[in-house]
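One structure is given below, encoded as structure tokens.
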Amino acid sequence: MTKDFYSQGLRGIGRRAAVLAVLLGAMIGAGVWPLPVALAGGAAAIALYALTRDRHPATFHYARSAAVIGPDWLGFVWVAALAALPLWAQEGEAGLHPSAVLLWPMAAAGLAFPFIGWSAESFGLSLSDGQITLRHRLWHRRFAQAEIVSVSPWRSDLPRWMRALAPLLAPASPGTAGALMLARARQGLRVELRGGERLVIETDALIPGAKALREVLQGRQRRA
């Protein structure tokens, strides 16, 4: 297996940082600027996000609405709104509003959602002439189907730190807190390669689906 740096993954991070910066500026400005100007800033953030997306998904990729757009914008709005609230409440007074002590750490925690969106968008798997190409986050891997030793089901609960966010979010966002508490375990496939290396591929929201992916990984079809 070969493993190389995936520059498009880095581009995805920069894209989200730019969108968040524009939206954050619009949110902060909403307390000072005329409403049409603030709305124009929000529209600019949406346009930037839409016009810079990856338009060449691999054969296997995640559904954009559920796995990419939803987490991205949940995070963008959450971070921008919570970061802007103490500045709105300041109302020209000297010093930082006390609410920043609570709201800004919560805003920082919301960056986990764009990370989820970036992770899903950066994923892609294709098969050509018995060679599998897998890109994910900042890495680009290539290996032969023949290198696969086994493919088995994989399951994992949400990280404990995300579950722990629920009580903190409940006062400000009970809906988000409830979603975290009720979120189901993640599912996927564990792939073991010759040499002992293991890869985990999550299959929730995967297109064209877990069954098709298993068939490709186990060599039951030549092209995906």
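Cβ from N, Cα, C; glycine included.
TrEMBL: automatically predicted annotations, no manual curation.
Remote same-chain partners of the transmembrane segment (20-51), defined as residues 6 or more beyond its termini with a Cβ less than 8 Å from a stretch Cβ, comprise 72, 75-77, 79-81, 83-84, 87-88, 114. Marked as transmembrane segment by TrEMBL: 20-51 (among others).
Residues or ranges marked as transmembrane segment by TrEMBL: 71-89 (among others).
Here TrEMBL flags 101-120 (among others) as transmembrane segment. Residues 9, 12-13, 16, 20, 62, 67-72, 74-76, 78-80, 82-83, 85-86, 136-137, 162, 165, 168-169, 172, 205 of the same chain lie 6+ residues outside the transmembrane segment (101-120) yet bring a C-beta within less than 8 angstroms of a C-beta in it.
Per TrEMBL, the feature transmembrane segment maps to 164-183 (among others).
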